[in-house]
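Please read the structure below before turning to the comments.
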Amino acid sequence: MIRTCSIFRATVSCSCQYHNTISKMKLVKLSQTNDVMPTLGLGTWQAEPSIVKSTVYAALELGYRHIDTAFNYNNEEAIGSAITKWIDDGRGTRTELFITTKLPHIANRASDVEKFVNLQLQRLQLSYVDLYLIHVPFGFNCDPETLTPKVNQEGNYELDMATDHIATWKKLEECQKSGLIRNIGLSNFNEEQIEKIMKHATFKPQVLQVELHAYFQQNELRKFCEKHNIILTAYAPLGSPGAKNHFVTKYKYSPNTFPDLLSLPEVDTMAKKYEKTPAQILLHFLVKQKIVVIPKSTNLDRLEENKNIYDFELSEEEMNTLIRLDKGEKGRIFNFLFWKGVEYHPEYPFANVKKQLSEDDI
Ligand SMILES: NC(=O)c1ccc[n+]([C@@H]2O[C@H](COP(=O)([O-])OP(=O)(O)OC[C@H]3O[C@@H](n4cnc5c(N)ncnc54)[C@H](OP(=O)(O)O)[C@@H]3O)[C@@H](O)[C@H]2O)c1
């Protein structure tokens, strides 16, 4: 049977099981462009370049159509190779994919935007990305040799105190107009910072990517995004079980508490009832609320597991049980303090973290 697939921007004639599978994936529509974004994406932070090529290829074969990466993950080249191979192998086309990447902290200034967009597109072997986010609201000075942040003698990161969100955003708008980027958004920005951009923007932020999971449900920010038609993407939707080790090993930074959402008894009870895994419960909980999730895995079984989150439905009572797990600000894992000194940047976004730090000093 030949039918027209209305899911993608391009009209695609298809008869295949592949498009049928895709049709079942839930989508959200982005403001202004009406582009659609799959509510499930593959996260790739800590996915090493040596393995991420085969991971991304396998994920695409499994039906993932949305990949989340960033300059800072150092894996754009490998991801680009996987996408190119998948397309060259005749497994699918570019228009079926939704690829997100991010402007790094070292390039968080108007004069660097175009250069980095072009460099990242080259690494990804793409002529455009579907979504480009400013990764963090603060900026660091860049070592031009290594394209890493400059660090001073005390081990503190050299902050670029002149970060100007509006000027940077205007450049993103230009890149979008010239077709290098289809959609634009922010990550780790607070309400005040977003509001300021919206006030000066010709093209408003369409997506906000923030930490969001059962322990940190971001209720206020969610209301704000809903009001302004901004789609929320949840990073660390499983509570980022791999992050603690990474913070300690790479930055010698050890957060006081670290959640273990996958072992929560409430989640376990629901997993048993629906013959699902705790990860599937946690992801379903978010996509049911139209929040995009981007769980990271480089394990084939878990890639498959994380995909199967749409074929059951938690009851209202169960949803409320999970909603009650929220710990508010206490549930935050990612405060970026592993970048020593970052809290002194004028655009450091988390007022509560700063307040807590100054109380600790007293
Ligand atoms: N914008 C930002 O500032 C920002 C910050 C952090 C993350 N992100 C994005 O969000 C993505 C997701 O966040 P995240 O990677 O921190 O955390 P996450 O997706 O909540 O958790 C990933 C960890 O959980 C494990 N895992 C995956 N599926 C599992 C399952 N079904 N059962 C048990 N364990 C499972 C993974 O290990 P295996 O690989 O071994 O399966 C990995 O260690 C990132 O990869 C990145 O793309 C963005």
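Backbone N, Cα and C define each Cβ position, glycine as well.
The shown structure was predicted, so the numbers you read here are calculated from the model rather than taken from an experiment.
What TrEMBL says about this one:
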ACT_SITE  Y73  active site, proton donor
BINDING   H135  substrate binding site
DOMAIN    40-323  domain 'NADP-dependent oxidoreductase'
SITE      K102  site 'Lowers pKa of active site Tyr'
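A Cα-Cα distance of 11 Å separates H135 (substrate binding site) from the residue listed as 'active site, proton donor'. For the recorded positions shown (K102, H135), fewest C-beta neighbours within 10 angstroms: H135.
Between the C-alpha atoms of the residue listed as 'active site, proton donor' and K102 (site 'Lowers pKa of active site Tyr'), the distance comes to 10 Å. Computed over the domain 'NADP-dependent oxidoreductase' (40-323), the whole-number mean pLDDT of the model equals 96. Its own atom aside, the Cβ of Y73 (active site, proton donor) has 22 Cβ atoms within 10 angstroms in the protein chains shown. In this structure, K102 (site 'Lowers pKa of active site Tyr') is part of a beta strand by DSSP.
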